[in-house]
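Student: Straight out of TrEMBL:
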DNA_BIND  B:18-57  DNA-binding region
DOMAIN    B:81-182  domain 'CoA-binding'
BINDING   B:92, B:93, B:94, B:95, B:96, B:97  NAD(+) binding site
DNA sequence: AAAACATTGTTATCCATTTCACATAAAACT
DNA sequence: AGTTTTATGTGAAATGGATAACAATGTTTT
């Protein structure tokens, strides 16, 4: 099952999709080779960090030359499981949920919102951006039928925890949580938060309290 | 101007808005005191980390008692500049931009999208969620009139860099960047990225490659 | 084919952050 | 009032991540 590759540092793992995207750009632009220095300029990550990141996967480059774009690209495609489509569920089709439905994850990643759930009768049964919206009452059933194990959570905060509990029972393993709620989950689940208000507010804080130009870039 | 307080670690600064939000919840719920252990359970941050974070601001608690909710809340209100309203501009009123317009930042933070820009003639001049939409051609002028120094960027990726250059000239100091582009900015500016595709994909990667239950929670 | 050049992979170092563990002191109890 | 309980604040250790710097090695040029 889980390809127990050597454990890559989390910070590195978070940068992989970024590298992959830029490699695709380079490929489309017809570039054949790239150095860590060039890549660094494009993705705004120190070149030594890039080399270190790549090195966890072995020697992918050639000294004095750099990296072969095609080779690197196909390597990352395998590593990031881009060959198989990953199906994701959207729970909560409000403003943000609707925006995510229209957001084309497929374009960059082989990941697709395949189904959505809501409680608004006006939406149920309809399709948006080609995605059918089901009633939340049918969530467990539909998720298991489709074999979905990842959910994007965009419901009002007060419902977040109880819906998470249901997702856990339905064998969902990962949640991308857009609600402000800090979810309690079984140890077998993984939650990534995207907390819009916190992001905005921490930006405000940094601007007011840190000498601007103190630090260059901060990654989420 | 910039209250040159002792430099709080960045990781701490990013958690402050989170603490603030939960303290508000506790306050609404009528709680008078709270311990770092309780808070830890609620925000999913180790209690020692919470105590350390608070300690950068001095001794806010009392041994054997914990923290007084009201005191802590008013302290953070000052620290996070919640007394003055922070005005923010939205650049790009597409799907995601529209969702953010409807997202009520004001509720939790004293931060408000005060103005929006787009190039779609159908939208220009109208208001959405009480926010007037101007033509992007007028951006510099309007920003300076309103004295806005923070922008949320939700435009198509190919336009991101050139618009960023214009924002820089218009004296904007902070950008919350929702586009996949990695922006090049002067050292006087600060960019926070929220890269939706990367977030989703890295979640997928973690689930496939890390023994689930390996790590509890990851922050953004 | 030799010399000059470019760029990796990695070692050693540095820095930031988290966590442990406990002395200290206040609060609660008897 | 004295004893026990509770929970802070922090020194010290551990972890995690970024960066500098350079030997090794392949590439390009002449």
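Just so it is clear, glycine is given a Cβ too, placed from its N, Cα and C backbone atoms.
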Student: Mind pulling out which binding-site residues among B:92, B:93, B:95 sit under 8 Å from chain A, Cβ to Cβ?
Tutor: B:95
Student: Sort out the sequence-distant neighbours of residue B:92 (NAD(+) binding site) for me: same chain, 6+ apart, CB within less than 8 Å of its CB, listed by position.
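Tutor: In sequence order, B:117, B:118, B:153, B:154, B:155, B:156 meet the Cβ cut-off.
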Student: Compile a sequence-ordered list of residues in the same chain as residue B:94 (NAD(+) binding site), six or more apart from it, whose Cβ lies below 8 A from its Cβ; state 'none' when nothing qualifies.
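Tutor: Listed in sequence order, they are B:118, B:154, B:155, B:156.
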